[in-house]
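Please read the structure below before turning to the comments.
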Amino acid sequence: MAVCARLCGVGPARGCRRRQQRRGPAETAAADSEADTDPEEERIEAGPARCSLLELPPELLVEIFASLPGTDLPSLAQVCSRFRRILHTDTIWRRRCREEYGVCENLRKLEITGVSCRDVYAKRINPRVKSGRFMKILPDYEHMEYRDVYTCLLHRYRHILGLWQPDIGPYGGLLNVVVDGLFIIGWMYLPPHDPHVGDPMRFKPLFRIHLMERKSATVECMYGHKGPHNGHIQIVKKDEFSTKCNQTDHHRMSGGRQEEFRTWLREEWGRTLEDIFHEHMQELILMKFIYTSQYDNCLTYRRIYLPPSHPDDLIKPGLFKGTYGSHGLEIVMLSFHGSRARGTKITGDPNIPAGQQTVEIDLHRRIQLPDVENLRNFNELSRIVLEVREQVRQEQQEAGEDPAPPREPSAKGPDGPPAEGSREPGSGAEAAGQSASSGQGQPFVLPVGVSSRNEDYPRTCRLCFYGTGLIAGHGFTSPERTPGVFVLFDEDRFGFLWLELKSFSLYSRVQATFQNADAPSPQAFDEMLRNIQSLTS
């Protein structure tokens, strides 16, 4: 009985007393007279005495509780009044905020906290804007507790952290919701100004959430040029939420729509309309401004994941900036699916909307480029690519598939989901990866007559593969597949030569680290791709 009491840690076990009460007098006497010969019990008898968790000193309990996930602490507080009192220790919640959400600010130092959003905006987004224009009455951090920050801000809005695609018709977008200081901020990531595909991404805040008073989170809209103002966030369902601005007058400018358009054009394109001489490009820009400005009141976001990576991938998958002619720069997600690679649009245009597959590459169909002199001849490259396409068509016929019939060239914009070609036996993708990692390259130049928004493309490439891209008329009408050449330059750059359009797109990796953006499983990532594609099909 003494052994059982030490194991329980709180004296004689209740269960043991009950068993003893059920015994008769003779059984009890016999049991007491029996020698304790259990080796395990003898070892425990000789070992050190065990104590209950309740007997530990408070400072040790604080250290133990601080190492537990924050989601387990409310249940722990229901155990007893002593645990509940200890869980009011702010150092426990400060550690949870730091380890789970990366909060490093000190609530007691006002000069560090509360300035993250406006200073980041003034210094990293628009240096011409005075940070004082974004001054607001700051929360009373001196009397705030980390427990409130954790429970009322971080834990409450944890479901919106990560990457999202806003529903802005065909244009889409990329939103990254992060914990920034003592704020949760939704940053809209924008490609660099056309055609500088190698420049870093631009970003601007769309909304922020923080505690203006104890146990009360405040949502503020950051759209417009008059500073933060009242907004609202609603989690619609799993992997979807919406934002709403309650003061849209803050989005308007004193000069009316003309001033708003000129300001938007400088931010979006880094130039004035007079600097853009191409009439069709002017029409596309004006159309985008009119369309996107309708969404400054309410937006819906759908979660997107970064593509999973595998050791045999040709290069590391991820997000890339790409040139798309008069449409400017757009964001594309490169992912690998066995012997195929796919580029899915995260941002889009009226021809090929966001969510559609802009290119698909058959990693089993290598294309050996001719020497530089012959490569300058577009007809020679066209002959090589069309031979591969004819081989694909024949194999599809033999497999009983319905290949796409040949067609005449048409004046359409690039992009889209190509047909599933038959896969050649062997380790084509693995051999391609080994060849890419060997560093062997070959000279590369664009054929005469092929246009490119960015002439600063690499003059040496590693590998080339047969691929198909999607082209369509305005409004995603009559989408069709067209053959092309996927050109791998290095780990962070690739290109796609649209054979029918005589156009070349250059892609450069988005050099940014995204938190809470990994897919829970490959199946979840594939389902996400299907969902965002179905929205614009």
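Cβ coordinates are placed from backbone N, Cα and C, and glycine is handled just like the others.
TrEMBL labels come from automatic prediction, so no person has curated them.
Note on TrEMBL: of 19-42, 307-330, the range annotated with the feature region 'Disordered' is 19-42. Averaged over the domain 'F-box' (50-96), the predicted model reaches a pLDDT of 85. DSSP assignment over the domain 'F-box' (50-96) gives 33 helix, 0 strand, 14 coil.
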